[in-house]
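What TrEMBL says about this one:
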- 14-214: domain 'YjeF N-terminal' (DOMAIN)
- 63-67, 128-134, Asp157, Gly330, His376, Asp442: (6S)-NADPHX binding site (BINDING)
- Asn64, Asp124, Ser160: K(+) binding site (BINDING)
- 226-500: domain 'YjeF C-terminal' (DOMAIN)
- Lys412, Gly413, Ala414, Arg415, Thr416, Gly441: AMP binding site (BINDING)
Amino acid sequence: MKRTFPAIVTTAEMQAIEGAMFNAGFPVPALMEKVGQRLSDFLQREFPRARYPHVGVLAGPGHNGGDALVVARELWHRGYGVKVWQPFERLKPLTADHARYARFLGLPFVAAVDSLQAVDLIVDGLFGFGLERELTGDLADAIAQITTWRQPRVSIDVPSGLHSDTGAVLGTAIQADRTLCLGLWKRGLLVEEAQPWVGQGLLIPFDIPAAVIEAALATAPRRYCLDASCWQQLPLARSPITHKYQQGQLLLIGGSAQFGGSIVLSALAARCTGVGMLVVAVPQSLKSLVLSRVPDAIVVGCPETARGAIARLPESLDLGKFSAIACGPGLTPEAVPVVETLLRTGRSLVLDADALNILATLSPWPLLSPVILTPHYGEFRRLFPDLVTTGGDRLAQVTAAASRSNAIVLLKGARTAIASPRGDLWINPHSTPALARGGSGDVLTGLIGGLVAQQEALSATYCGVWWHAQAGIQAEREATSLGVYPEQLIAHLLPTLQAALTARV
Ligand SMILES: NC(=O)C1=CN([C@@H]2O[C@H](COP(=O)(O)OP(=O)(O)OC[C@H]3O[C@@H](n4cnc5c(N)ncnc54)[C@H](O)[C@@H]3O)[C@@H](O)[C@H]2O)[C@H](O)CC1
Ligand SMILES: [K+]
């Protein structure tokens, strides 16, 4: 079944998509009403009246404000106490109609924003993707005031003040706890730097015909948001008559006297993927440690340097028999010959950590395909320094990096982005800062290595990213953000997958 993730769009692309729907006969008021109902349903579910009886609605001059006024009216009908702050005289006609009807119903419109300070929930409908210039003056002051209040803030479509394409703050912006993005993910909401304003992003679909999206994005670079359809890919299919040699062979290379644990974490994660054969190459002195922690792996002791890094891979190690090779965790920058050897194999490579730092010192780079690079931003900066200095946000940088290097580039972060050499982009909108700790990356390397050993590289990469983040979110739910240390993360991999499959049935 062809899996299509939700597209990520620019403002212009969204306007083209909406325009196509309107041109096909779908009335603008109908869309606003539909969206308003869905927003109200979400708010009523997530912020029940018993706990959040009083709602303050910020209504802007455009259709974002129109959406907000539909929500105000609907929550009013559903028994909430609603107050509206609409600091604009000139309104778009549809928005003006909704304001007029809300007043007709008797919804109180407050003159000053501080009349909303005591409400239980703020709904932000000041601006959406139509924001054109910086927010200044009284409006900026009001937003600064709201930011100091304690109640949760939910933004409609885009946090007001945030640029929906770049994620840049135009003067000032609402810091939302939740952003309910309408129809399709706006690109600016997925930019790393915008996360403090976006809060938890959630897509509120409104049944855009797939053909309309395809037509509008036909010539655009494909940008996708990962979602639960990644689970359709896992666990990887197994024939009833399979055997271990048909389920992929992964070679993991890493470890050093200085960093002995990383490669163990990668190996423990890799075996969760069901990979048929797991071989771990480490410095000779680490061999017994790894065997004691991963008895199902074949552990190869390598010649080591005086400082305990892998000096070279043993001649006896036939690299050609592996369907994937993952290298880097705990490797140390000393193991240059190892990376140089791997780059000549033409095997599917996953390069992480010090394998990336070593790659950054090699020049020129050989053709990196099929290679997956999994840098965090510091490693990315060493690999592609000019891309970082020539500006553009990380999404633009990682796309350029993949096209230049001909590798799949996975840029880790709050919104991990995966770019393909063709220029396509996948972003994971759901993760947790609890994963920001040593060892999380080693787990991801093992997961991706194990999946790449069994299936094509791109879907293995984004499924690994999704699975890794979902396990982290689940571990945090059960043991707070402090409980997401790497071994707990690994312990949650299979139960999280199982729970997803059970929910899917
Ligand atoms: N699929 C969807 O995204 C849907 C979008 N809808 C909602 O409509 C908005 C976009 O509406 P639009 O009227 O184009 O823009 P805004 O509501 O964001 O407001 C722009 C409005 O404000 C004026 N303006 C711009 N910048 C400033 C400023 N700095 N100070 C003052 N005024 C400013 C500008 O002139 C416009 O008049 C989208 O986000 C959704 O919420 C549909 O209704 C539902 C589906
Ligand atoms: K908004």
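Glycine is treated like the rest: Cβ placed from N, Cα and C.
Predicted automatically and left uncurated, TrEMBL annotations should be read as such.
For the binding-site residues Asp124, Lys412, Ala414, Arg415, Thr416, Gly441, a Cα to Cα distance of within 10 angstroms from Gly65 ((6S)-NADPHX binding site) holds for Asp124. Comparing Asn64 (K(+) binding site) with Arg133 ((6S)-NADPHX binding site), their Cα atoms are 16 Å apart once rounded.
Recorded residues Arg415 (AMP binding site) and Phe129 ((6S)-NADPHX binding site) have their alpha carbons 21 Å apart, per Cα-Cα distance. Within the set of binding-site residues Asp124, Lys412, Gly441, no residue has a CB atom less than 6 Å from any atom of ligand 1. Residue density at Arg415 (AMP binding site): 24 other Cβ atoms are found within 10 A of its Cβ, drawing on all protein chains shown. In the vicinity of ligand 2, defined as a Cβ distance under 6 Å, the following of the binding-site residues Asn64, Gly65, Ser160, Lys412, Gly413 are placed: Asn64, Ser160. Within 10 Å of Asp124 (K(+) binding site), as judged by C-alpha distances, the binding-site residues found are Asp157; the full candidate list was Arg133, Asp157, Thr416. Ser160 (K(+) binding site) has Phe129, Leu131 nearby among the binding-site residues Asp67, Phe129, Leu131, Lys412, Ala414, counting only those with a Cα within 10 angstroms of its own Cα.
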